[in-house]
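Enquirer: Copying in the features that Swiss-Prot gives for the protein in this structure:
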type: BINDING; residues: HIS15, ASP174, GLY175, LYS176, ARG247, PHE248, ASP256, ARG262, LYS263, ALA279, LYS283; note: ATP binding site
type: BINDING; residues: ASP17; note: Mg(2+) binding site
type: BINDING; residues: GLU43; note: K(+) binding site
type: BINDING; residues: GLU56, GLN99, ASP256, LYS287; note: L-methionine binding site
type: REGION; residues: 99-109; note: region 'Flexible loop'
Amino acid sequence: MSRRLFTSESVTEGHPDKIADQISDTILDALLREDPTSRVAVETLITTGLVHVAGEVTTKAYAPIAQLVREKILEIGYDSSKKGFDGASCGVSVSIGAQSPDIAQGVDTAYESRVEGDEDELDRQGAGDQGLMFGYACDETPELMPLPIHLAHRLSRRLSEVRKNGTIPYLRPDGKTQVTIEYDGDKAVRLDTVVVSSQHASDIDLESLLAPDIREFVVEPELKALVEDGIKLETEGYRLLVNPTGRFEIGGPMGDAGLTGRKIIIDTYGGMSRHGGGAFSGKDPSKVDRSAAYAMRWVAKNVVAAGLASRCEVQVAYAIGKAEPVGLFVETFGTNTIDTDKIEQAISEVFDLRPAAIIRDLDLLRPIYSQTAAYGHFGRSLPEFTWEKTDRVDGCGRPPVWRADLLPLVH
């Protein structure tokens with residue numbers, strides 16, 4: 001088999017772009033908590049000493065946006081100008097308008113209801129925009145996620161944990177990780193390189209303090225966790241690069257401006273799957289950029305969990321104002337155990353991919369989104385992440401899902 005290297009990256013919650021994502025989703029949650037029917041599209045720009053929040057919102061709720069912004073920044077850990085930002089004293093500018101009535105009419109009264117006279121309640125809500133969304137799953141990890149992004153997220157999360165719990169007290173909130181894994185064909189076989197870049201206090205020696213601490217308290221525990229999870233990966237002799245530029249004292253918004261929606265590959269599958277281009281954070285679930293991407297993860301994960309393929313990528317496409325998708329495509333990269341046409345047929349029978357049905361089946365009108373905004377939207381076993389359930393493998397609550405005549409090889 002041919003050997004190749006594949007790389008994915010992650011960032012900590014203190015990365016400027018991730019601060020912006022978390023602020024946008026915190027505002028979204030506050031509005032959904034009071035009014036689950038809120039229509040929200042909130043973007044955040046953060047730079048030295050200033051946060052600017054803009055977008056379109058139609059809601060009956062009230063959210064103290066400036067207060068929410070400051071609380072989130074302080075929670076992340078930016079509480080001093082020495083760290084590059086202070087949530088207590090930063091400026092907050094808000095420019096929020098209402099959702100365009102031209103968009104609202106297509107969402108509130110879908111083409112099927114408005115033009116075709118369809119009375120099905122689920123046909124009343126149209127897609128909030130045109131677009132294409134992808135979902136992906138594979139059997140490389142128990143979470144059915146690609147191993148490179150899985151490990152990169154775990155390293156980023158631990159980097160934040162050892163900062164917050166005082167294990168490495170001189171770390172600051174901004175940080176990045178990157179993982180390069182060698183594949184033999186489609187099988188992950190060896191860890192090649194780990195890159196960890198972390199903002200730190202001044203006067204910290206890289207070689208004698210930071211690098212050994214990162215290896216001992218961040219990287220090695222996560223490699224041990226892989227073994228405990230039953231993931232077989234050769235890790236002897238991997239290369240560890242810690243802050244390869246040298247000093248990393250200036251970080252956060254002082255080092256780089258942050259924007260909502262600039263980490264869409266980190267948010268999804270680390271580049272292992274295609275991406276439709278739409279970001280997630282700050283968008284309520286009437287926006288199919290978000291809800292349909294979650295649904296596609298749900299679909300792909302159930303396909304792999306059912307044993308129909310070891311790798312599955314699913315694409316769905318919508319027209320603005322229409323409820324029914326205009327396209328569905330399944331790719332299994334040659335790993336399918338039955339014909340992909342039958343998998344696609346089963347998906348169409350098992351999953352209702354109209355926006356209102358996705359929102360209903362995944363219970364997406366809850367204030368659950370701020371916790372999605374760092375360390376990945378997929379592959380996390382949290383009860384709020386309903387799109388991670390494999391509840392359609394055996395047809396729970398519905399007629400037999402993976403029907404014997406459609407899927408003869410399923411266990």
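Each residue's number is its place along the chain shown, starting with 1.
Backbone N, Cα and C define each Cβ position, glycine as well.
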Enquirer: Determine, to the nearest whole angstrom, how far the Cα atom of LYS287 (L-methionine binding site) is from the Cα atom of HIS15 (ATP binding site).
Expert: 25
Enquirer: If you measure GLN99 (L-methionine binding site) to GLY175 (ATP binding site) at Cα, how many Å is it?
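Expert: The Cα atom of GLN99 (L-methionine binding site) is 35 Å away from the Cα atom of GLY175 (ATP binding site).
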Enquirer: Three states by DSSP: which one describes GLU56 (L-methionine binding site)?
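Expert: Where GLU56 (L-methionine binding site) sits, the three-state DSSP reduction gives strand.
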Enquirer: Around the Cβ of LYS283 (ATP binding site), how many other Cβ atoms lie within 10 Å? Please give the count over every shown protein chain.
Expert: 27
Enquirer: Per 10 Å Cβ neighbour count, which of the binding-site residues HIS15, ARG247, LYS263, LYS287 ranks highest?
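Expert: Counting Cβ neighbours within 10 Å, the top one is HIS15.
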Enquirer: Distance check, please: Cα of LYS263 (ATP binding site) against Cα of GLU56 (L-methionine binding site), rounded to an integer number of angstrom.
Expert: 21
Enquirer: Specify the count of other C-beta atoms within 10 Å of the C-beta of ASP256 (ATP binding site).
Expert: 17
Enquirer: Given the binding-site residues ASP17, GLU43, GLU56, find the one whose Cα is closest in space to the Cα of ARG247 (ATP binding site).
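Expert: Result: the closest of the binding-site residues to ARG247 (ATP binding site) is ASP17.
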Enquirer: Specify the count of other C-beta atoms within 10 Å of the C-beta of ASP17 (Mg(2+) binding site).
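Expert: Step by step: centre on the Cβ of ASP17 (Mg(2+) binding site), count other Cβ atoms within 10 Å, giving 21.
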Enquirer: Hey, of the binding-site residues listed (GLU43, GLU56), which one tops the CB count within 10 A?
Expert: GLU43
Enquirer: Rounded to the nearest Å, what's the C-alpha distance separating GLY175 (ATP binding site) and ASP17 (Mg(2+) binding site)? Just drop the number here, would you?
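Expert: One finds 11 Å between the Cα atoms of these residues.
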Enquirer: Roughly how many Å separate the Cα of HIS15 (ATP binding site) from that of GLU43 (K(+) binding site), to the nearest whole number?
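Expert: The separation of the Cα atoms works out to 16 Å.
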Enquirer: By CA-CA distance, flag whichever of ASP17, ASP256, LYS283 among the binding-site residues is nearest to GLU56 (L-methionine binding site).
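Expert: Answer for the nearest of the binding-site residues: LYS283.
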Enquirer: Count the Cβ atoms, other than its own, that fall within 10 Å of the Cβ of GLN99 (L-methionine binding site), considering every protein chain shown.
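Expert: Around GLN99 (L-methionine binding site), other Cβ atoms within 10 Å: 20.
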Enquirer: Among all protein chains shown, how many Cβ atoms are found within 10 Å of the Cβ of GLY175 (ATP binding site), not counting that one?
Expert: 28
